[in-house]
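Chemist: One structure, pasted below without further comment.
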Amino acid sequence: MNMIQNILRVVFGSKFERDLKKLIPIVRQINSLEESIKGMDDSTLSSQTKKFKERIVQGESLDSILPEAFATVREVSLRTMGMRHFDVQMMGGIALHGGNISEMKTGEGKTLTSTLAVYLNSLAGNGVHVVTVNDYLAKRDANWMKPIYDFLGISVGVIQHDMDHEQRKVAYAADITYGTNNEFGFDYLRDNMVSHKDHKVQRSHFFAIVDEVDSILIDEARTPLIISGPSDEATDKYVRVNKIIPKLSEGEDFEVDEKARNVLLTEKGVSHVEEILSIENLYAPENVDLVHHVHQALKAHKIFRVDKDYVVQQGQVVIIDEFTGRPMEGRRYSDGLHQAIEAKENVTIAKESQTLASITFQNYFRMYDKLAGMTGTADTEAEEFKKIYNLDVIVIPPNVSVQRKDSPDRVYRTEKEKFQAILTEIRELQSKKQPVLVGTISIEKSEVLSKMLASAGIQHNVLNAKFHQKEAEIVANAGKPGAVTIATNMAGRGTDIVLGGAQLYKENLETWKDEDEIVKQFKESILRQNLEYAESLMQKMDSGTKQKRASEILSSVKIWKKNHEEVLAAGGLHILGTERHEARRIDNQLRGRSGRQGDPGSSRFYLSLQDDLMRIFGSDRISGLMKWANMPEGQEIESKMVSNAIARAQKRVEGHNFDIRKHLLEYDDVMNRQRIVIYKMRNEVLENEDISPLISGFIEETVENQIVTHCEGNNPSAWNLESLKEWSDGLDLNLQIDEVEFKKSKNPQLSLFEKVSSTAKLKYESKAEKIGKDIWKLLERNIFLDILDHRWKEHLYSMDHLREGIWTVGYSERNPLVEYKLQGFRMFDTAIENLKNEIVNFIFRVEVSENSKLPEEKKEYKKVGQEITGGFQEFSGGNLNRSQSNGSSVTVTTSSGGGTERKTSRRRKR
């Protein structure tokens with residue numbers, strides 16, 4: 001394969017070269033328009049939007065408008081924000097418009113780049129979604145780029161987690177909507193639970209640009225979005241099962257599989273559990289739940305670790321995002337795992353929940369007509385992006401070549417030796433005033449390192465889930481001379497670390513609103529770092545207040561500039577990785593925090609043979625290295641075998657995780673096809689005021705099923721007319737059937753069908769006439785939606801249980817996925833048939849009277865109570881009560897949140 005790739009590269013050039021060849025001519029075309037666009041006054045420039053839209057209405061494509069639109073955005077950005085798009089940013093924008101992933105290094109201006117494709121696609125009038133990883137970035141990016149869009153007459157909306165229905169509707173009605181992946185996904189699910197089409201908030205899924213696309217479409221791909229309702233199960237069973245875990249022995253009663261993040265009971269363990277719980281057969285049908293709880297309790301004790309996977313704060317178990325180190329407050333593991341951890345930590349145990357609606361990010365984002373993404377690290381996952389999302393990765397060259405020096409890894413035998421070497425390097429770096437960002441993979445490790453630094457008298461900041469409130473401040477100061485910052489993984493991602501520390505004077509400039517021409521010139525000279533001219537302008541200001549403010553800004557700039565030059569002289573920001581992550585991409589993200597926009601920088605990883613990656617995924621040959629004799633303590637291991645083993649281990653884990661994500665998608669595709677059918681049916685009801693043709697079709701199908709069941713064939717003497725009559729009486733059809741009458745017919749069964757159908761149709765029409773057409777139409781729709789939601793909820797519950805138990809068919813050498821598809825299809829077929837029967841039964845049995853009033857529409861949209869993301873649940877907000885067809889009330893619940901590669905496997909139990 002490598003030889004073929006090499007031949008293709010020689011003949012056609014590398015993919016990178018081929019991509020550039022396509023982009024460069026378009027960039028030249030854009031640049032050729034720059035002078036003519038510059039010559040436009042503000043009024044003419046802002047009217048470009050109207051002209052573009054008119055051309056689109058006349059049939060012109062977005063592709064043909066692209067050069068002019070991009071040149072327009074570039075000029076507007078320069079006039080409103082003082083930022084001109086570089087040519088490489090133009091390339092990134094073209095790639096985004098083409099429905100690709102633009103890989104742009106940290107500091108290359110991805111947010112500004114996105115404005116090009118966002119503006120162009122907003123002209124189509126179908127709405128553009130810009131997807132970010134958290135609420136803060138959604139709001140920041142929208143407000144930051146808003147001057148460009150405002151100038152061009154393009155509206156901007158922002159979705160935030162705490163918004164109500166009306167606020168969301170307004171945000172989605174805008175030309176451009178910023179929000180998180182979770183909010184977009186949950187709004188889609190909620191839209192498919194509303195009782196009236198006007199209650200929907202989202203429009204079409206036309207075009208989405210996903211920022212940090214690797215984080216959302218790869219890291220969180222195993223995180224199903226789930227809207228759930230409370231279950232009636234008691235919580236005392238968790239306490240009961242939790243007590244038996246300390247009595248079980250690892251190796252004898254159970255085995256821990258760290259690679260798969262799983263625990264398996266041995267035969268001896270099964271017997272031991274049966275003995276402790278005083279039961280005869282743990283795997284008897286009545287003990288299915290018990291097996292599940294024992295399994296989850298074992299995982300809680302043996303796989304999930306406090307201060308690594310979660311923290312306990314104020315009597316609650318709070319999940320830690322594996323990829324960012326951030327706390328995921330309000331979110332919960334699903335399938336009883338969170339309750340098992342609560343029992344382990346001896347805190348209040350919350351009730352389990354039942355799924356009401358769900359979708360994976362994979363299937364949600366594949367609904368968009370066009371999808372694009374941005375990140376600094378996508379190329380290592382190019383195969384997955386192509387196979388799952390049909391997205392090509394286009395690597396955009398940096399505007400200024402990267403000056404960062406990446407040094408080889410230093411590997412030690414033990415973790416203790418590694419940390420000692422790290423301490424020595426940090427001390428050396430701080431002595432020469434070089435700022436250092438220390439990346440760790442867990443809170444536990446960050447706190448161990450923090451204690452060592454404190455003992456050595458080294459001042460430092462820690463950024464992890466326990467101190468996340470100070471994140472912005474800590475990240476802002478991480479570039480100061482001699483600053484030492486410990487951060488778990490990619491905490492602070494999305495915010496650049498500026499060499500010299502935070503440029504506080506910029507905030508002061510932005511908030512200084514003054515139309516005085518001298519003040520304007522002063523602000524411009526500060527941004528251009530022309531401090532001498534700025535000082536002369538300060539002297540010309542016409543008031544002491546203005547001069548005082550200008551003086552404060554100048555002082556702030558001078559302090560930052562001195563710090564900036566000191567850091568540059570020291571070598572820029574140094575990245576010190578304390579452990580390799582399972583994915584090379586995460587390591588690259590950490591390295592990418594240094595060397596932005598041509599700044600100097602450096603990076604090095606310190607590893608030990610006791611690190612999780614080496615211990616769990618390294619080959620047996622590596623473990624032999626730990627027995628090396630005659631090596632003095634603290635000496636680093638320099639071996640190609642170690643370096644190659646690290647690379648192989650990472651590739652092995654990446655492949656393993658890709659297989660899991662692909663496996664999840666294969667299972668979710670079964671549910672997705674069913675979800676599409678249900679939501680299509682639901683939308684048909686919402687979009688049509690009169691659904692009587694749909695109901696009439698259900699009535700005919702129900703009648704046909706009854707006749708096929710009770711009156712098979714054309715021999716009336718063999719028919720079970722008594723059962724048919726019993727069914728018809730239940731619907732109050734008043735059906736009169738004479739066997740003799742049908743014996744005279746050429747096709748007795750068809751004649752019977754026609755008679756029963758016409759009787760049912762007359763009964764149906766008389767009910768509608770009696771109550772009044774308008775009331776009847778609304779009543780029908782309400783009945784249909786309530787029964788549909790109820791049946792769908794029950795079907796999801798059944799599919800959950802099918803998924804949990806389907807692994808057992810593997811023992812009989814059958815493929816669990818094939819079996820899941822077959823059984824899932826049969827169950828769905830039955831659910832649809834039951835749905836139709838129940839709707840028909842309810843329609844005929846519903847009591848109506850002449851003075852019936854029109855049912856009140858549910859006007860209010862409330863943020864629903866419980867959300868689950870990626871196997872996580874979230875409790876927040878109020879309740880949305882929906883009456884069910886059986887008269888009971890269900891409290892619907894909803895979601896938001898992110899997830900991690902391993903924590904999200906909510907289905908994969910065994």
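From the backbone N, Cα and C atoms, a Cβ is placed for every residue, glycine too.
Since the structure is predicted, the reported quantities are computational estimates derived from the model, not experimental observations.
Sharing the record's features from Swiss-Prot:
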BINDING   Gln89, Gly107, Glu108, Gly109, Lys110, Thr111, Asp496  ATP binding site
REGION    873-910  region 'Disordered'
COMPBIAS  876-886  compositional bias 'Polar residues'
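Explain the structural surroundings of these features, please.
Modeler: Non-local contacts of Gly107 (ATP binding site) by the CB criterion (under 8 A, 6+ apart in sequence, same chain) comprise Asp496, Arg596, Gln597, Asp599.
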Chemist: For Thr111 (ATP binding site), which of the three DSSP-derived states applies: helix, strand, or coil?
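Modeler: For Thr111 (ATP binding site) - judged by DSSP and reduced to three states - the answer is helix.
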Chemist: Give the maximum pairwise CA distance in Å, whole number, for the residues Gln89, Gly107, Glu108, Gly109, Lys110, Thr111, Asp496 listed as binding ATP.
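Modeler: Output for ATP binders Gln89, Gly107, Glu108, Gly109, Lys110, Thr111, Asp496: max Cα distance 17 Å.
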Chemist: Other Cβ atoms within 10 Å is the metric here; tell me which of the binding-site residues Glu108, Asp496 scores highest.
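Modeler: The largest 10 Å Cβ neighbour count belongs to Glu108.
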Chemist: Using Cβ-Cβ distances, find the residues under 8 Å from Gln89 (ATP binding site) that belong to the same chain and are at least 6 apart in sequence, listing them in sequence order.
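Modeler: Long-range Cβ contacts: Glu108, Gly109, Leu112, Thr113, Leu116, Asn399.
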Chemist: Could you find out if DSSP has Asp496 (ATP binding site) as helix, strand or coil?
Modeler: coil
Chemist: Quick one: which residues besides Gln89, Gly107, Glu108, Gly109, Lys110, Thr111, Asp496 have a Cβ within 8 Å of the ATP site's Cβ centroid, in sequence order?
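Modeler: Apart from the listed residues, the neighbours are Met104, Thr106, Leu112, Thr113.
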Chemist: Counting only residues 6+ apart in the same chain, whose Cβ is under 8 Å from the Cβ of Thr111 (ATP binding site)?
Modeler: Asp141, Trp144, Met145, Asp211
Chemist: Report the same-chain neighbours of Lys110 (ATP binding site): residues 6+ apart in sequence with Cβ closer than 8 Å to its Cβ, ordered by sequence.
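Modeler: Gly92, Ser102, Met104, Asp211, Met374, Thr375, Gly376 - these are the non-local Cβ neighbours of Lys110 (ATP binding site), listed in sequence order.
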